[in-house]
Each structure stands twice: as structure tokens, then as C-alpha cells.
Amino acid sequence: MGEKLDKDSILYKKRHSIAHVMAEAVLELFPNTKIAIGPPIKDGFYYDFDFEKHISEDDLLLIEHKMREILKTGSPFIREVITREQALVLFKDEPYKIDLIQNFDVTDEITIYKSHKFTDLCRGPHVDNMNKLDPKAFKLTSIAGAYWRGDERNKMLSRIYGTLWNNEKDLKAYLKLQEEIKKRDHRKLGRELNLFSVHDEIGPGLIFFHPHGARIRALIENFWREEHFKNGYDILFTPHIGKSWLWETSGHLDFYKESMFEKIEMDRSDYYVKPMNCPFHIAIYNTDKHSYRDLPFRWAELGTVYRYEKIGAIHGTMRVRGFTQDDAHIICTYEQVNFEVREVLRFAIDMWNKFGFTNLKAYLSTKPEKAVGDDDDWQMAVKVLEKALIDFNIDFDIDEGGGAFYGPKIDLKIIDSLGRAWQMSTIQFDFNLPVRFKMTYTAEDGKEKRPFMIHRALLGSIERFFGILVEHYGGAFPVWLAPLQVVIIPVNSIVEEYALEVLSRFQNEGIRIKFDNYCNMRMNAKIRQYQSKKVPYMFIIGEREVVEGKISIRTRTNEQINGLELKEALEFVKLKISNKEIL
């Protein structure tokens with residue numbers, strides 16, 4: 001769920017059209033190449049090719065030059081409807097096109113687009129002619145491998161990515177942003193700041209947190225727990241595996257098996273590592289009988305789950321195979337639904353603000369064609385979700401029919417410092433699992449009723465959120481999240497006794513502080529070193545500071561604060577931490 005590509009937008013049409021121009025250029029330069037597919041995507045386009053010989057990013061400029069030659073012709077993009085038989089003849093030498101055609105439904109209309117010397121199997125839409133494409137407003141950006149149809153059992157193709165904008169100015173702005181994104185790439189900063197690593201020889205998509213990264217993760221998780229206790233939640237811990245009957249009852253084996261790891265056979269039973277926490281929370285609920293007086297239950301867990309992601313989809317900490325889900329389930333009565341949804345939304349907004357995200361975007365997904373549950377419950381749930389968004393003045397789009405088959409939901413996106421939207425929090429009604437697991441409570445009239453169940457995530461997964469935080473702050477975390485908050489840098493060995501006194505005082509107050517008494521490096525070099533490691537504060541201690549009992553502070557942003565009393569310096573740092581200030 002999220003922003004959809006607008007097929008009627010001029011940029012969509014331009015990007016689709018330039019993908020065809022790129023394909024023609026490639027075929028002219030590399031005649032024996034086979035073509036696959038080439039759609040527009042967010043911010044650009046790509047085309048998949050099966051090259052006879054290996055090409056590299058060094059060839060991109062050559063392809064760009066040929067594309068500009070083709071654009072000069074001003075050729076039109078002409079749409080034609082053809083029969084299945086005509087299509088099979090037309091693309092007889094293109095195996096990937098034949099594969100597509102053979103998998104079309106017999107009722108599908110087959111269309112092609114012709115432009116200059118190129119013809120492609122395509123639904124469109126496109127611009128009228130090549131004069132609408134600014135030759136200075138596009139750039140080919142990279143080459144990557146991509147399996148045909150996204151299936152690892154198929155051949156690996158070469159995917160050429162590009163970007164196109166309405167004009168050169170917009171292109172330059174986009175490319176500048178991409179350079180900043182590269183600098184902030186959490187995989188790059190993860191290595192440079194020694195935060196985490198991945199080891200494919202041990203297992204792809206599995207994250208190893210190093211001491212500094214683990215410190216940040218622990219701070220996030222501790223804060224998460226504290227906030228949940230403050231907001232009336234109880235914390236659960238559940239197992240990592242469960243017998244197959246559990247996943248059969250939940251429906252995971254019917255509808256989600258492709259994303260689950262293979263079964264584990266032991267003790268004459270089949271087990272699966274859990275892809276989700278929900279059935280375990282329900283098992284706890286069903287341990288006892290409940291009255292309406294017991295509800296609501298607000299149960300949260302940082303539960304590690306395992307999902308089989310294809311190798312090509314794995315990406316740093318953002319897309320992994322084992323991750324810790326920030327999960328909660330609210331089990332309540334009909335009368336409590338409105339309050340509980342409002343409270344979840346308030347909690348989500350408050351949580352994001354404290355991590356430095358104040359710009360949110362929401363999507364409300366409503367009932368799809370095929371759905372379970374009572375119509376009245378669906379209507380009520382949608383109204384409750386919509387009212388909560390309106391009451392909190394959150395900008396939202398409605399995705400008609402975009403809900404899960406088991407209930408409507410709100411998806412919340414945060415906007416990071418680079419203007420990118422990240423899907424994070426979800427508030428999801430579930431009209432399915434309470435029925436499958438026969439969840440009940442005794443109502444005020446003594447009758448057994450089905451409770452309402454709301455799935456809720458705030459951070460999504462800890463690993464993914466960690467990666468987003470790294471990129472949002474460029475590794476320069478707020479002081480409260482910085483793995484190392486202060487470094488003491490002595491001017492010489494004479495001041496060591498006072499420096500150790502400062503170290504002890506700050507350590508006793510819980511400040512994460514280090515004393516760097518390594519002598520074989522100049523002080524300015526040390527300052528630069530710790531600034532590059534994104535340490536918030538460097539305490540510079542010389543003989544003057546010793547005599548006056550004071551501290552001079554250099555920040556990672558190169559601000560200088562001189563002559564603070566020891567107590568003042570301590571209060572200064574503690575205030576930055578308690579206020580969760582961004583340096």
C-alpha cells in the first residue's frame with residue numbers, strides 16, 4: 001500500500017516512452033540482444049535485456065548518446081491493436097515477449113507501440129512523439145541483475161535503470177539528492193561507523209549488530225518498552241516456532257506459505273519458524289475465559305519473525321529474512337473500538353515525534369471485493385479509522401478496495417530528512433483470526449461474544465527502522481541515541497588526573513563517555529576523527545581547564561563552547577539527552 005504511479009501523468013508517459021527509446025538504442029548498439037520488459041517506475045524507468053556479451057556501466061554513456069540521436073528524429077509513438085497470432089509472428093525471435101504473449105488471457109487485448117525503428121509489446125500510455133522528451137532531462141543511472149519474472153529459477157537478465165524529468169533543472173536536483181542518498185546509505189555508514197554487518201556465508205538477510213549498533217538498538221527497544229508501559233500495554237514474549245496446526249488454523253499455510261521457511265520435522269511433528277506473532281498472542285488470550293470487564297487487552301511484543309525473502313530483494317537492514325517486529329494486538333469490545341483506535345494513532349504520532357519525525361502521511365484502505373466479516377463491522381471500522389485521522393488532522397488518501405481481505409487499515413508513512421516517504425505504522429482490523437481461533441468473551445448480558453482485534457505496529461521492524469534512522473540522520477544520531485556521547489581529549493599527559501575525574505563524574509551519571517589518552521596523534525586530528533565518527537561532543541582539557549576546574553566543548557558540527565563549569569557541562573549534556581534534542 002502506498003503512493004501509486006499515475007498512468008495519466010505526463011511524467012509517467014515520458015518515462016515509459018524514454019524506456020522504448022533506450023531499448024531501440026541498445027538494439028542498434030548490441031544487435032543480438034533480446035528484450036524483456038521496460039516499465040516506468042517511481043522517479044524513472046528501466047528495461048531488462050538479455051545481452052549476448054557482458055556490458056558494464058561504462059557503456060551507459062554510449063547508450064545515452066545513441067538515445068539522443070534517436071530523439072532528434074521526433075518520431076511519433078503509434079499504438080496498434082493486433083491479434084494473438086500476429087503478435088506471435090511479430091515477436092517470433094524474442095523469447096521473452098513470446099513468454100508474455102503465451103501467458104495472456106484469451107480475452108486480453110494485445111497492443112503494440114511503434115516508434116522510429118522500434119516496435120514493442122506494450123499497453124502504454126506514451127507521449128505523442130519524441131519532441132516531448134527533453135534530451136537534457138534524462139540520464140541512465142545503473143545496471144543491475146534481475147531474474148526473468150523475478151524468479152531465481154529463471155535466467156538472470158541485465159536491468160538498465162534511468163531517470164527522466166520534465167527539464168534539466170529537475171534532473172540536476174534529483175541527481176544531487178541521489179548523491180546525498182548514497183552518502184547516507186545505511187549499508188555504507190553501517191561499515192564506516194562499525195554498526196552492523198551481514199555474512200552471506202552464514203546466511204543472507206541476517207543482521208549482525210556490532211557493539212555500537214547494538215547499543216543504539218538497545219536504546220530504541222528500551223525506549224519502546226518504557227513508552228508502552230506508560231500507554232497501558234503489557235509486554236509479551238512468545239516462542240520462535242510452532243506446530244503446523246497453528247499455521248493451518250491461522251491460514252498462513254494456505255495464503256502465506258511462499259514467504260515462510262521450510263518446515264522442521266522433529267518428534268513426529270512438523271514445526272515452522274514464525275512469520276508473524278499474531279497466533280501466539282491469540283494462544284495466550286485463549287488460555288483463559290474472559291469477561292467484558294477484563295477488556296481491553298493491549299499486548300505488545302518485540303517478536304523475532306522469519307520470512308523467506310528472495311535473494312534479489314534483500315537490502316541491508318531494510319529487507320531481511322530474520323527481523324524483530326514491533327507488534328501489538330488490541331483485543332476489545334465493540335464499545336471500546338473508537339477509543340482504542342484514537343489512542344493507537346495518538347501513540348504513533350507521539351512516538352514518531354520523539355524520534356524526530358514530524359511529517360506524516362496516511363492511507364486508509366477499505367473493503368476489497370473478496371472479504372470476510374460482517375458488512376456492518378467493516379463500515380464501522382472504516383468510519384472509526386477515518387474519524388481518527390480527521391480528528392488528528394492527518395492528511396490521508398483513501399484506497400478504495402485496497403484493504404486486506406480480513407479488515408480495513410491505516411498505513412502511516414513518515415517523511416525523512418531527504419523527503420522520502422517510509423511505510424511504518426499500521427493500524428489493522430482483523431475480522432478473520434478471532435473467528436478462526438474461536439476467540440470469545442462474556443458480555444454484560446451473559447452471552448458469549450466475539451472480541452474485536454486490532455493489529456498494530458509503530459516502528460514496523462527494529463532492523464528496518466534502524467536503517468531508516470541511520471539514513472535520516474546520516475549517522476549523526478541525536479545525543480540520546482548516540483552510542484558514544486562524549487569523548488575526553490586531553491591536550492597533554494599533565495591533565496590526565498583531572499580528565500579521569502571528569503570521566504568518573506560523567507560515567508556515574510550514566511553518560512556514555514570515553515577517555516582518549518592515546519598520545520601519538522595531534523589533538524586536531526583526534527577531533528576530526530571523532531567528528532567523522534559522529535560523536536556529539538568532544539571535551540577538550542588543557543592546563544587552563546585544570547586550573548579553573550572547567551571544560552571546553554567542541555561539537556561534531558564544529559561549534560566551540562568554552563569555559564563551562566564541570567557541573568554546567570554535565571547539566572548541558574543531560575538536558576540534550578532528556579529533551580531528545582537533535583544536535
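Glycine is no exception: its Cβ is also placed from the backbone N, Cα and C atoms.
Look at Swiss-Prot and you will find 185-478 tagged as region 'Catalytic'.
Per Swiss-Prot, the feature Zn(2+) binding site maps to Cys278, His329, His455; the stated evidence is sequence analysis. In the three-state DSSP scheme, Cys278 (Zn(2+) binding site) falls into the helix class. Residue density at Cys278 (Zn(2+) binding site): 19 other Cβ atoms are found within 10 A of its Cβ, drawing on all protein chains shown.
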Original post:
Which number gives the other C-beta atoms within 10 angstroms of the C-beta of His455 (Zn(2+) binding site), all protein chains shown included?
Top reply: 22
Subject >> Chain-mates of Cys278, His329, His455 with C-beta within 8 Å of site centroid, Zn(2+) >> reply: Met276, Asn277, His281, Ile282, Asp327, Ala328, Gln428, Asp430, Leu433, Met453, Ile454, Arg456
